[in-house]
């Protein structure tokens, strides 16, 4: 592939890690953010210490606060901003962009009030004459591992296979490999909903439960994620792939996962306000829990784990009571769909 110019919107941990992957592949990378001190740090010291204390970035990675300068003559734009501001940033891009580009996003969540997937938001806010079909970049990936060039395999999903293949080639190298998929709904919902289950898995750890319980919440969590995804139009097969069970395992079992750490802290009795203040990073699983719960209620999808976590987070239900409520649910067959 010829050298491409890529704007990465969002200098968080994942945006920074993906910027390094693109730079390693010989592309021009422009990171955009709205915190001048952070942007200056990236440009002056080639570090982003809020997320990576010991990592030095390549000096060719340049950061900007000016969106127009960032987007000038770019070939592709990668959104890696928090879910709650995706629509706002997309509107700003639509007002600034003056040519057609490839649009990708690597964020995982649902818009809090509308419950919409992020690709839907991007389609609504960026006119067709300025963009390709949206490509979702998702899968089992800790930024802390990708930034040190540990092996990572994820998915590029788009309704248009050729566009997904472009992104596959854009990112893939000896340590970072992408597979293509045309099931955008499946890949996107899997990436968003696994954060809820990760909060639950972390809570079990914080409460002192063992591996049996953690394995159960991942397996049963995958079942309810799949039910909701299929109700929205996804293929059930997607949930057995990298963006489904793969992402659920890595997020639901690792201390690297901010959603797992948030659940662990909840299990140990910390308040949600303290957890969010101490972590200093967006915990997508918190807002996604409400969106998924309300969506499941609307569609009539059975999601007992999501419901339990929703009750704990938004109604103050005791975590142990929520767990034992699930254990006392009506008996069901394992493969029962509702």
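Note that Cβ sites are derived from N, Cα and C of the backbone, with glycine treated the same way.
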Site co-member for NADPH according to Swiss-Prot, given 13, 14, 143, 258, 282, 284, out of 49, 108, 116, 159: 108
Site-mate of 108, 139, 141, 194, 257, 258, 259 for sn-glycerol 3-phosphate in Swiss-Prot, selected among 98, 133, 150, 247: 247
Binding-site residues compared (247, 284) - the one with the fewest other Cβ atoms within 10 Å: 284
Largest separation between Cα atoms (Å) of residues that the record links to sn-glycerol 3-phosphate, namely 108, 139, 141, 194, 247, 257, 258, 259: 16
Rounded Cα-Cα span from residue 108 (NADPH binding site) to residue 139 (sn-glycerol 3-phosphate binding site), Å: 10
Those binding-site residues of 141, 194, 247 having Cα within 10 angstroms of residue 258 (NADPH binding site): none
